[in-house]
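Q: Submitted below is the structure of interest, expressed as structure tokens.
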Amino acid sequence: MSHKKVVAISESSSDEEVPVAPPTAPPKKRQRKAVEEPRGHQAMVEIARQATAALKARGDPGSIIVQTFCDQTVDVDKEGNVIFTPAKQKSICNKSGSPLASVASKIFKASEHKWQSAMEFALKVLNAYQVDHSKLTLLPDEGTLECFKKAVQAYITTSKMHVTYTFTNQKTFLHVAGRLLLDFVIKAAELAPGVNPSGCVVWQHGCQSSLMCLHGSPMIQKEQLVEMDVNSENAQRALKENPEKTKIVSNRWGRNVVQFKNEDAFCCSMDVNMSGGNFSGASCGMFYTDGPKAIMAFQQIMAFLKACYPSMPNAESHLLMPLKCECNWNSSLPLLGRQTCKITPFSLASASHIDKSEVDDQKMLATLNNPAMLVFQCCNPVYRNSKAAPQKNCDFKISSVDLVSCLQIAKQIWLSTVGERPPVKFPEFHWSDEHRYQTTILPQGQHDDDLVLF
């Protein structure tokens, strides 16, 4: 009897090669998420912190916080989480122990809510044009103004608007438009009644047929004598263009000079006894070298406003003008010299070559019939090739018609972003002693926390 051996062959003893598993791929690196800008409550808390820091830097008391209408203080922790903290109720008691309503506390809470409302208006304008609002504080400082200036420039670029400047530089145009948008924000939220961030006023000029100064008094016609070096370019131009008003004389040092006699100059009534180019301490600082040209410039803006707004009742009696330039826009300290923007009439010599019969637009005819224009400049401008002046100065320069365009563009931006009509409320100009020409500025010390100087 034969025995059969059964041999079990395992699968591992097969002659076939065992397939090797492919190597595992290295783990993919996670893409870094772009740092998102804070939004919502986080953005408002960040702006409130910056505003508080700006107040502290200026030496003003108080702080800005974000608070809900349920009296909850909004804050953000280190991890970026929003925290709502119930406000502590404080009661002010008199000697008898009965609680008294704190008027100051109510006003402060109301101002907090208005500040939040103003911040919402501002973010609507800035976010519509992707403007970085990291420096926005709603205070009249350079950071806040720069935000609104960028919004104006973005609106002009995106709308493909072509703005023609007449005696105006673009920097001043954006500066004034930014001030107007800030003014809309403050007025819409009723944040600071009585404050005028625009720096512009409405002036009842009364210059329909005669010139009036900022005092509201008639300006006095005064002869002006200007002496120039006989070899200078201005002297040669005066001899060539106005030979009847110029002559060569010897001055008190025995040198030959060109004397220009101007009989059409007008000055403030407070400067009648002052020599040419000087102002008294009671003066408003207004002076025109050419009175008839100044009247023509006033007639031009009156006709221009009437053509733009036929139903405007005060188009021929009032005009919008910037009262402050870049030197004193966000400062209450007086300047050495003039305190208000210098008003100068500029003539449009090229307008005389245009045929009026071919023009039907009343806005254009306003300039063709009155080829002169009011230009608002720095309070104390320093001209090229002139000697250094001690006054603070800037390159502020905008014409009356471009100021109208500036307000129109600011209104368009507000309407397209906020969705409602802007609060156009400018104070009417009235003469005050703070507008007087300052001949002397008293020295002022700087802030120092040390007990002794040295």
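Cβ coordinates are placed from backbone N, Cα and C, and glycine is handled just like the others.
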Q: Quick one: which of CYS200, CYS284, CYS308 does Swiss-Prot put in the Zn(2+) 1 site with CYS213, HIS215, CYS268?
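A: The record-listed residue among the candidates is CYS284.
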Q: Which of these, CYS267, CYS378, does Swiss-Prot list as part of the Zn(2+) 2 site with CYS325, CYS327, CYS394?
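A: Only hit among CYS267, CYS378 in Swiss-Prot's Zn(2+) 2 site, alongside CYS325, CYS327, CYS394: CYS378.
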Q: Among 65-79, 410-424, 440-454, indicate the range for which Swiss-Prot gives the feature region 'C-terminal arm, DBP binding'.
A: 440-454
Q: Taking the Cα atoms as reference points, how far is CYS327 (Zn(2+) 2 binding site) from CYS284 (Zn(2+) 1 binding site) in Å?
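A: Here the two Cα atoms are 17 Å apart.
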Q: Just going by other Cβ atoms within 10 Å, which of the binding-site residues CYS268, CYS327 has the emptiest spot?
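A: Per-residue Cβ counts within 10 Å for the binding-site residues CYS268, CYS327 bottom out at CYS327.
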Q: List the residues in the vicinity of the Zn(2+) 1 site, defined as same-chain residues other than CYS213, HIS215, CYS268, CYS284 with C-beta within 8 angstroms of the site's C-beta centre.
A: LEU214, GLY216, SER217, MET219, SER269, MET270, SER283, GLY285, MET286, TRP431
Q: Go ahead and report the DSSP secondary structure tallies for the region 'C-terminal arm, DBP binding' (440-454): helix first, then strand, then coil.
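A: The region 'C-terminal arm, DBP binding' (440-454) comes out at 0 helix, 0 strand, 15 coil.
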Q: Distance check, please: Cα of CYS268 (Zn(2+) 1 binding site) against Cα of CYS394 (Zn(2+) 2 binding site), rounded to an integer number of angstrom.
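A: Cα-Cα, rounded: 24 Å.
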Q: Tell me, how many other CB atoms lie within 10 A of the CB of CYS325 (Zn(2+) 2 binding site), whichever protein chain they belong to?
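A: Here the count is 29.
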